[in-house]
Amino acid sequence: MGIQRIQLFNKVYYFSAPARCSRQVRSIGTPGGGCCSYHTVPVVSKLLTPWIRSGIQLQRCNLSSHSKSASSGKQNDGIHSETVRTVAKWIQDLEKQGLPKIIVLCGAGVSVAAGIPDFRSPGTGLYDNLQKYNLPYPEAVFDLDYYRQRPQAFLSLAKEIWPGVQEQHSPTLTHSFLALLEQNNLLLRCYTQNIDGLEFLGGMSSDKIMECHGHFRSASCIRCGSPADIEKVKESILQQQGTPMCEQCHIGHVKPDIVFFGEALPPRLNLLIQNDLPRASLMLILGTSLQVVPVSLIPDWVPSSCRRVLLNRELVGNLAIGTGSHPNEKSRDLFQAGDCDDSILAICRALGWEDLLRKQNEATRIRATATTTMDAK
């Protein structure tokens, strides 16, 4: 399998993506340095610095011991009030500057409230629910070689999560918050690992969204690369008419332009990373396990002056957590445990945005319902 390349400033990072999972990670610094594209470890050039190497290591560390201390202190309905007030103040300070300097990194936890399961939660996660297909390993549902041989698992999944099809899969309060950030000229970019399209349905413009792992708005042949009619592909999948086939080469399977393990990442991702990260003053990390590289490394690539806030059910990644409870606290990182919508609602209350948030969410839900109704006809 090929090597993914990302250039960031004066450093070049390479990521291997072998197709089969042996669960035995080879050493960093040699081609093929990973057990599978899900468990991939970066293979980095000689310009690799110790802090990046530390970040890679921490992706496999258990940092739950920090979670307890980070969540201690005053609580308000499960929300750490000092953290909420601090984050709100940081946003207000940026609003006064009038420049978009907030980067948001979204994971599957952002869409849980929309009825879309995350990937790894025991018992309810997407991978657990796919066991009925007898996958050789859970991530095979997004494996290109496996799709060629047995496409039914992905086709069944695509039918369940296709954006705008299931009425309950509507933008959440968190998606509406992202739209408010853009409307208030605060959002530099939203990097999302999700493929559900809810950022777009939630009211954000396409220019502000970087869908790192692809989307359902287009489709192509996995053999010859020819674009396919997305409406025909959608109908074939939703009506369970079998595997969509390429109308150009006539032998290749077609799939939505979701980035499968082993496929190249969108070229736009590399360009935006180089352009956006030096300009960021605040990063919001929402509902992600930070387990899939290279997106999981983005929080490590922002400037040291950029503040980072993790809103997630558990502490993940390489963050030096503070509580926001002391005015002289030096940490640039804050952590709020819990569901994203609960934390976002608390932050919006502190900002005086609660009414705006709910109106934005209601409007997007009405549009999403109308789209679902039209698709059903």
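Glycine is no exception: its Cβ is also placed from the backbone N, Cα and C atoms.
TrEMBL annotations:
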type	residues	note
DOMAIN	81-354	domain 'Deacetylase sirtuin-type'
ACT_SITE	HIS213	active site, proton acceptor
BINDING	CYS221, CYS224, CYS246, CYS249	Zn(2+) binding site
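Here CYS221 (Zn(2+) binding site) is positioned 17 angstrom away from HIS213 (active site, proton acceptor), judged by their C-alpha atoms. It is CYS224, among the binding-site residues CYS221, CYS224, CYS246, whose Cβ has the fewest other Cβ atoms within 10 Å in the structure shown. Cβ proximity to the Zn(2+) site centre (mean Cβ of CYS221, CYS224, CYS246, CYS249, cutoff 8 Å) flags the following additional same-chain residues: ILE222, ARG223, GLY225, SER226, GLU247, GLN248, HIS250, ILE251, GLY252, VAL254.
Taken residue by residue with DSSP, CYS221 (Zn(2+) binding site) is part of a strand. Cβ neighbour counts within 10 Å, taken over all protein chains shown, single out HIS213 as the most crowded of the recorded positions HIS213, CYS249.
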